[in-house]
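K.L.:
Below are the features listed in TrEMBL for this protein:
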TRANSMEM  6-30  transmembrane segment
TRANSMEM  42-60  transmembrane segment
TRANSMEM  66-84  transmembrane segment
TRANSMEM  96-114  transmembrane segment
TRANSMEM  126-144  transmembrane segment
TRANSMEM  165-183  transmembrane segment
TRANSMEM  195-214  transmembrane segment
TRANSMEM  226-246  transmembrane segment
Amino acid sequence: MDMLTIIIAIIIALGSFTQGLTGFGLALISVPLLSLFIDVKLAVPIAGIFGWLVTFPIVWKMRAHIQWRIAIVLFIGSLPGSYLGADLLKQLSPQIILMLMGIVLIFASLYSLYSQKVLFKSSSNSLSLFVGFCSGALGASVGEPGPPVIAYTSMLPLNKDQTKSTLVCFFMLQMIGAISGFWSKGLLTNDVLLYVIKTIPLFIIGLYLGMFIYQLLNKYSINYHRIIYSILLIVGGILIIKSILFT
């Protein structure tokens, strides 16, 4: 295995660990880091495939906590957004994608670090559709479907298990549309599939380690979210700098 593949595998393992721990984060972690080493148009589909695979064991394990109506309405909204996003990924230049990715990361990280307010007493179908559309577009274009739905669910009166399980269920459904969009735009290349196959073992190890640590940390009051978003804030700045230097 060459050094680049090893680096990709380690990044994917870090992303799957984060998703197993928090219920989100594979794309937020892996796409920006992968983009530092490979073309962003390879990074997004690779992370997208793993972002789909990582959801199945978590959804099964936490199925009793899923808020199905919220997840399904978000998914319906994400479908047109996913196809729009895949088209943007194909058409936009790498430096613009990196810039957008960095901006999304910085705003999402700042919001998650400093906003803890519950703003809605219950979910709204119209708002859920809009948030789902934005998430689908971001997921297929810059590989980061998380920020809109993470922000939205944090504003709802859900407990920790309900939030995590509903987010993961939505990502499982949303990535079907995103991967279909990648395929329709010719972005699922042989290189993408080869990297996915080679990095699966570390992906699995990272996922189950994250799920184990999640159960462990439930006994303590360690705010791992602040650590993750602080790192993502730095990564977002690096991506913006890289996009400027790219030009």
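Using N, Cα and C of the backbone, Cβ positions are placed for all residues, glycine too.
Tell me what's around each of these sites.
P.N.:
Under 8 Å from some Cβ of the transmembrane segment (6-30) lie the Cβ atoms of residues 37-38, 43, 46-48, 50-51, 54-55, 58, 105, 108, 139, 143-147, 150, 163-165, 167-168, 171, 195, 198-199, 201-214, 217, 224-225, 228, 232, all in the same chain and six or more residues away from its ends.
Within its own chain, the transmembrane segment (66-84) is flanked in space by residues 59, 123, 125, 128-141, 145, 149, 153, 156, 158, 162, 165-166, 169-170, 173-174, 177-178, 180-181, 184, which lie at least six positions past its ends and keep a Cβ under 8 Å from the stretch.
Same-chain neighbours of the transmembrane segment (96-114): 28, 31-32, 35, 40-41, 44, 89, 138, 141-144, 146-147, 150-151, 154, 225-226, 229-230, 232-233, 235-240, 242-244, 246, counting only residues six or more beyond its ends whose CB sits under 8 Å from a CB of the stretch.
Among residues of the same chain six or more beyond the transmembrane segment (126-144), those with a C-beta under 8 A of the stretch's C-beta atoms are 27-28, 31, 40, 43-44, 47-48, 51, 70, 73-86, 88-89, 92, 97, 100-101, 104-105, 108, 120, 152, 170, 174-175, 177-178, 181-182.
Counting same-chain residues at least six beyond the ends of the transmembrane segment (165-183), those with a Cβ under 8 angstroms from any Cβ of the stretch are 19, 23-24, 44-45, 48-49, 51-52, 55-56, 58-59, 62-63, 65-68, 70-72, 74-75, 78-79, 81-83, 85-87, 89, 132, 135-136, 139-140, 145-146, 149-150, 153, 158.
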